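Under the heading N(1)-(5-phospho-beta-D-ribosyl)glycinamide binding site, Swiss-Prot lists GLU22, LEU23, GLU82, ASP286, LYS355, ARG362, ARG363, citing sequence analysis as support. Marked as ATP binding site by Swiss-Prot: ARG114, LYS155, SER160, SER161, GLY162, LYS163, GLY164, GLN165, GLU195, GLY196, VAL197, VAL198, GLU203. Residues or ranges marked as domain 'ATP-grasp' by Swiss-Prot: 119-308. Per Swiss-Prot, Mg(2+) binding site is recorded for GLU267, GLU279, and the stated evidence type is sequence analysis.
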Amino acid sequence: MTLLGTALRPAATRVMLLGAGELGKEVAIECQRLGIEVIAVDRYPDAPAMHVAHRSHVINMLDGEALRHVITEEKPHYIVPEIEAIATDTLRELEDEGLNVVPCARATQLTMNREGIRRLAAEELGLPTSTYRFADSEASFHDAVAAVGFPCIVKPVMSSSGKGQSFIRSAEQLAQAWEYAQQGGRAGAGRVIVEGVVKFDFEITLLTVSAVDGVHFCAPVGHRQQDGDYRESWQPQQMSELALKRAQEIARHVVLALGGHGLFGVELFVCGDEVIFSEVSPRPHDTGMVTLISQDLSEFALHVRAFLGMPIGAIRQYGPAASAVILPQLTSQNVTFDDVHAAVGAGVQVRLFGKPEIDGTRRLGVALATGENVEEAVIRAKKAASRVTVKG
């Protein structure tokens with residue numbers, strides 16, 4: 001039984017978002033639809049989810065004392081992390097004290113860095129993964145690369161959107177790759193993972209929901225990555241029945257091992273009928289923004305429904321659909337979007353995130369489109385995204 005209070009009243013149900021980016025914004029909107037009181041927290045002011053929250057706070061979320069202070073002040077019923085860079089030890093303490101962390105503090109802690117989740121998947125669950133080694137010094141990094149072999153990929157154990165990630169083909173790149181990885185970590189310099197390159201036909205995100213009525217799967221989401229970040233995603237990604245079954249088995253093992261209720265973005269490599277585990281996020285995934293147009297319940301609606309303790313029932317997928325990011329490069333604290341009218345149309349939508357500034361390249365929006373098939377949907381989404389002119 002789920003009891004919900006009314007926002008801004010004494011019996012309000014309060015949700016605190018730790019991270020207030022575009023994904024958190026959609027979670028906030030879904031909470032608002034249920035009359036939930038929303039508090040958005042991020043490291044910078046005027047973040048997207050703050051625009052649709054009842055209150056907001058700006059803190060360093062890696063500072064456990066600051067995190068505990070804002071949670072004690074607001075007394076949320078649900079704490080919903082949207083990013084990895086959070087003082088997860090504090091979240092575990094707060095959960096032990098009776099607070100509800102979504103999906104659970106253990107899942108947040110294990111997935112905040114690539115080492116925790118890789119060791120869980122490969123060493124505890126025995127799932128197929130790429131070869132890997134960890135390193136915490138330049139010397140051990142060289143040893144790790146020698147063990148894995150060329151080509152390989154190096155990533156900070158804690159980073160996102162491709163930051164600090166390098167593809168290494170030869171020994172001449174090692175010094176630069178190490179330095180870049182040290183600059184790209186979300187919590188500063190530190191430990192890295194060196195991964196062998198996996199042969200695959202395509203990558204998918206399997207959006208997996210753990211809820212009171214069991215584990216549910218969205219249709220697989222295909223995506224194209226560039227510079228460590230996604231450019232387009234589409235649903236459904238065609239794959240063999242056997243590969244889909246194996247993907248679902250892997251995803252089920254991972255989310256049940258992590259625990260808690262919510263939506264998880266399980267990233268997998270697919271080569272023929274073979275499926276290899278890559279990563280998992282215990283929250284909505286950026287490639288899953290396509291579900292804003294492709295499903296009756298978006299990944300954000302599913303996440304909220306699951307962590308509130310509601311049953312999912314069934315997930316209806318409408319047919320071929322795609323998303324394409326709006327990714328300008330400029331410097332401005334007063335961004336405007338021109339020609340939006342030329343981007344939208346029948347079966348084509350645009351979402352602008354409302355980020356307060358840009359300094360370089362930054363994802364500021366996404367175009368969504370349907371089509372007769374996935375290829376057409378991708379073309380329509382990319383065309384719509386290209387028609388939006390970003391100015392500063």
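Note: Cβ is positioned from N, Cα and C throughout, glycine not excepted.
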Integer Å distance between the CA atoms belonging to VAL197 (ATP binding site) and LEU23 (N(1)-(5-phospho-beta-D-ribosyl)glycinamide binding site): 29
Binding-site residues compared (ARG114, ARG362) - highest count of Cβ atoms within 10 Å: ARG114
CB within-chain contacts under 8 A for ASP286 (N(1)-(5-phospho-beta-D-ribosyl)glycinamide binding site), separation at least 6: GLU22, LEU23, ASP229, TYR230, ARG363
Close in space, distant in sequence - LYS355 (N(1)-(5-phospho-beta-D-ribosyl)glycinamide binding site), Cβ under 8 Å, 6 or more apart: GLY21, GLU22, ALA47, PRO48, VAL335, ARG362, LEU364
DSSP-derived structure type at GLU279 (Mg(2+) binding site), helix or strand or else coil: strand
Averaged pLDDT, computed only over the residues in the domain 'ATP-grasp' (119-308): 95
Top Cα neighbour of GLU279 (Mg(2+) binding site) in the set of binding-site residues GLU82, ARG114, GLY164, VAL197, GLU203: ARG114
Three-state secondary structure, which DSSP defines for GLU195 (ATP binding site): strand
Helix, strand or coil at GLU267 (Mg(2+) binding site) [DSSP, three-state]: strand
Closest of ARG114, GLY164, GLU195, VAL197, GLU203 to GLU82 (N(1)-(5-phospho-beta-D-ribosyl)glycinamide binding site), Cα positions, binding-site residues only: ARG114
Per DSSP, three-state class assigned to GLU203 (ATP binding site): strand
C-alpha spacing of GLU267 (Mg(2+) binding site) relative to GLU195 (ATP binding site), in angstrom: 15
Protein Cβ atoms within 10 Å of GLU203 (ATP binding site), excluding its own: 21
Cα-nearest neighbour of GLU267 (Mg(2+) binding site) within the listed binding-site residues, ARG114, GLY164, VAL197, GLU203: GLU203
Greatest C-beta neighbour count within 10 angstroms, which of the binding-site residues LEU23, VAL197: LEU23
